[in-house]
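Marked as domain 'G-protein coupled receptors family 1 profile' by TrEMBL: 47-142, 174-425. The feature transmembrane segment is assigned by TrEMBL to 32-54, 66-84, 159-181, 193-211, 231-253, 273-296, 335-358, 370-393, 405-427.
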């Protein structure tokens, strides 16, 4: 530990590192403990690595049960690698220092890997339960699925590739520019612009997960996608959607603190707080959304493999199964309300509190500016959540909605936000515009007139 720093009126201690001593009271025997723990570590790494290689190389093992076993092996490698190397160093040196950041990074990975271990075991137990209940059923898994795009619009899908290609190029370019500008402009290294750059990265991931394959469908209608690729795409779609919702929550909270408690803005939205909140949101999104494709992949697909959709949507795929999908449907809607429902309630409460403060402002100009900023933010937020809710509910109770209308909404609720977010959050922001002129167009801006020179 670093020595305490004395200051007038108080004592502050800055810990730059920690000392790990191993097993208290067994310091004299810890040299010998390296032998069994080294053997255990080598066996764990070699054994789990061999398991992954065998499952990957053997086509007959490409089933849910062995996929889960492969995931468990990867988690086990991550878990023992997070702890044992440092532990062996402690045993050999009797005590070992670890930096402040390294200690909490290790702590994070240990808890994440432990939660993933528990989650994988739970899914494996569910897999065995379903296998036992289906003893007399022949499990059939297709080689892949056929995506047909917009049902009933086969003749015009080639023309649809034009607007969707434009949207894709614009979303990639605009969001990439935001990330580039925020990274290179020192004045934008604040929580608000950090959130904006993270949102841009998520938007790039979201549209890249969907659009390339969708454009392939429009060009080569229909399009084949392998069984594994379909469920991988399903996972990334829902994972990025959950992250999009999480970032909108954090951005709403950022605006609340900036407007309602501006003097404590930097102390509340500290680096430590941001690291914790993003870790929680990533873990929440990963665990809840990963189970959606895992459960769907365990269903028996013994009839049609044609998906009436532009991408591997959960319920569009699950409805092809020849077994009961009630549990899948209930879990999907519970995840939607657990993530999107909770997030939209928090955002609504936040903006209500912001509105109360804005209405108390004495200046009409200040009120108008606040309404203009918050209004555009609320528009994109409402669009995202309303269309998301529409997409989830139509599969359950929207039998009268034409299939092509439903698919159109399912596509637009994922693709419109990556296009609109750069316009709503960046183009209308003076600091982003000035940084764009400075770093992208290489033009100087007159601070007095905000006109490029």
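Here the Cβ of each residue, glycine as well, is placed from N, Cα and C on the backbone.
For the domain 'G-protein coupled receptors family 1 profile' (174-425), the model gives a mean pLDDT of 86. In this chain, the transmembrane segment (231-253) lies in contact with the transmembrane segment (335-358); the count of Cβ pairs under 8 Å, excluding pairs fewer than 6 apart in sequence, is at least 3. For the transmembrane segment (66-84), same-chain residues at least 6 beyond its ends with a Cβ under 8 Å from one of its own Cβ atoms are 37, 40-41, 44-45, 48-49, 51-52, 55-56, 106, 109-110, 113-114, 116-117, 120-121, 123-124, 127, 294, 297. Non-local neighbours of the transmembrane segment (405-427) in the same chain are 149-151, 164, 167, 170-171, 174-175, 177-178, 196, 199-200, 203-204, 206-207, 210-211, 214, 237, 241, 244, 308-311, 313, 376-377, 379-380, 383-384, 387-388, 390-391, 394, 398, 433; each lies 6+ residues outside the stretch with a CB under 8 Å from one of its CB atoms. Panel annotation: around the transmembrane segment (273-296), residues 64, 68, 108, 112, 115-116, 119, 123, 126, 191, 194, 198, 231-232, 234-235, 238-239, 241-243, 246-247, 249-250, 314, 317-318, 327-328, 331-332, 335, 338-339 of the same chain, lying at least six beyond its termini, place a Cβ under 8 Å from a Cβ of the stretch.
Helix, strand and coil content of the domain 'G-protein coupled receptors family 1 profile' (47-142), in residues and according to DSSP, is 78 helix, 4 strand, 14 coil.
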